[in-house]
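Notes for the one structure printed next.
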Amino acid sequence: MGRLFGTDGVRGVANADLTAELALGLSVAAAHVLAEAGTFEGHRPVAVVGRDPRASGEFLEAAVVAGLASAGVDVLLVGVLPTPAVAHLTGALGADLGVMLSASHNAMPDNGIKFFARGGHKLADDLEDRIEAVYEEHRTGAPWDRPTGAGVGRVTSYGEGADQYVAHLMSVLPNRLDGIKVVLDEAHGAAARVSPDAFTRAGAEIITIGAEPDGLNINDGCGSTHLAKLRAAVVEHGADLGIAHDGDADRCLAVDHTGAEVDGDQILAVLALAMRERSALRSDTVVATVMSNLGFKLAMEREGLSFVQTAVGDRYVLEEMKEHGYALGGEQSGHVIILDHATTGDGTLTGLLLAARVAQTGRTLQDLASVMERLPQVLVNVPDVDRARVKTSAELATAVAEAERELGATGRVLLRPSGTEPLVRVMVEAADIEQARSVAGRLADAVKSALG
């Protein structure tokens, strides 16, 4: 069996790859692994379970709850909430485990399972590996040790989670948003209720789009992966900025008053300067990934800030932040982690802080984001190739070396197998867009030739 866990939990097509049987089995295995690790010692274990609004979340939620309760874990069902809300509630309610059912920005047919440890942090890789091993052991015949009678878990609907999460967001906002007009695109996802509520409570005038989830329309032509509607709405309504979330609202992209995109790198740059001003940017350091634009690194250096780079995936950004005590990190895709206030990327918190900076300074988001100049960057996804051989193919290594010689010091190349999808990402930065496109196209062809 290949590794089930990717960089962001377990994902696949619901009811094909991610079945009710798999969801149930992994949940039972997670309960047993945490019990064996001593997490439940001395008390009756509790788990928080939430989901995004996609239709398959309903039967997968039932399977996860059945698995946990059958393993003796009491379950608090918080319903449809963003991933960062489930992580926050896992910590705030003192739960031993959190489970989020979502495939984030993926299309509606997909779904996923993400586990959070006590405190709301993602499970460590070694615990995920152990869950897989225990699941596989019992899938092939070993019986579970099952509690009976009063030992089985109880299931309770917990309806206060949304209000608790929004109250938390209000408590960490540095200033109000009075006088600011914001367009919110909620991707017909998990933040369709809480994000507009939070911005309204903070004093902003809001226009909301993509906030009518029906279980089928999540991420469909809207949200952080499809910004066209948000751009148009910002210009139409004369808004100060627009905020886009994905299906589970763990990421945030923005649009300035002209309709131009402000990506995760630019958001990090704006927040880094704001946090330094408040003496909240510990060690004057920002953590980002190898996918961050070279312009971000140059901007941070110019502003006298340090820049630490990690592998792609917000879990690796978070690990670096936790290990060294850094306060701010994130990804170009819009995952932004403010570790003093969240244990994972939080799109609503990020959007609130970005709007707060606009309100506090009186400057436009366009002006604030100009602190960094994005170098032309081209990203090409190459599907249906053997992504496991990216680092071992001699043919591909030769093609990369030739590209790097052509780009010189004014560009860079990155080939990366996706952690959540069956494809290889080719990223090229160059001094001009035509060169970046040309090199990226040749490298994409080389990937197909070498790994197809």
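The backbone N, Cα and C atoms fix where each Cβ goes, and this holds for glycine too.
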*Out of Ser70, Ser104, Ser393, Ser418, which one does Swiss-Prot list together with Asp246, Asp248, Asp250 for Mg(2+)?*
Ser104
*Just how many other Cβ atoms lie inside 10 Å of the Cβ on Asp248 (Mg(2+) binding site)?*
36
*Packing count at Ser104 (active site, phosphoserine intermediate) (other Cβ atoms within 10 Å of its Cβ)*: 30
*Rounded to the nearest Å, what's the C-alpha distance separating Ser104 (active site, phosphoserine intermediate) and Asp246 (Mg(2+) binding site)? Just drop the number here, would you?*
6
*Where does Asp250 (Mg(2+) binding site) sit in DSSP terms: helix, strand, or coil?*
coil
*For Asp250 (Mg(2+) binding site), what is the tally of other C-beta atoms lying within 10 angstroms of its C-beta?*
34
*Under a criterion of Cβ-Cβ distance under 8 Å and sequence separation of at least 6, what residues of the same chain contact Asp246 (Mg(2+) binding site)?*
Ser104, His105, Ala187, Gly189, Asn219, Gly223, Ser224, Thr225, Gly334, Gly347
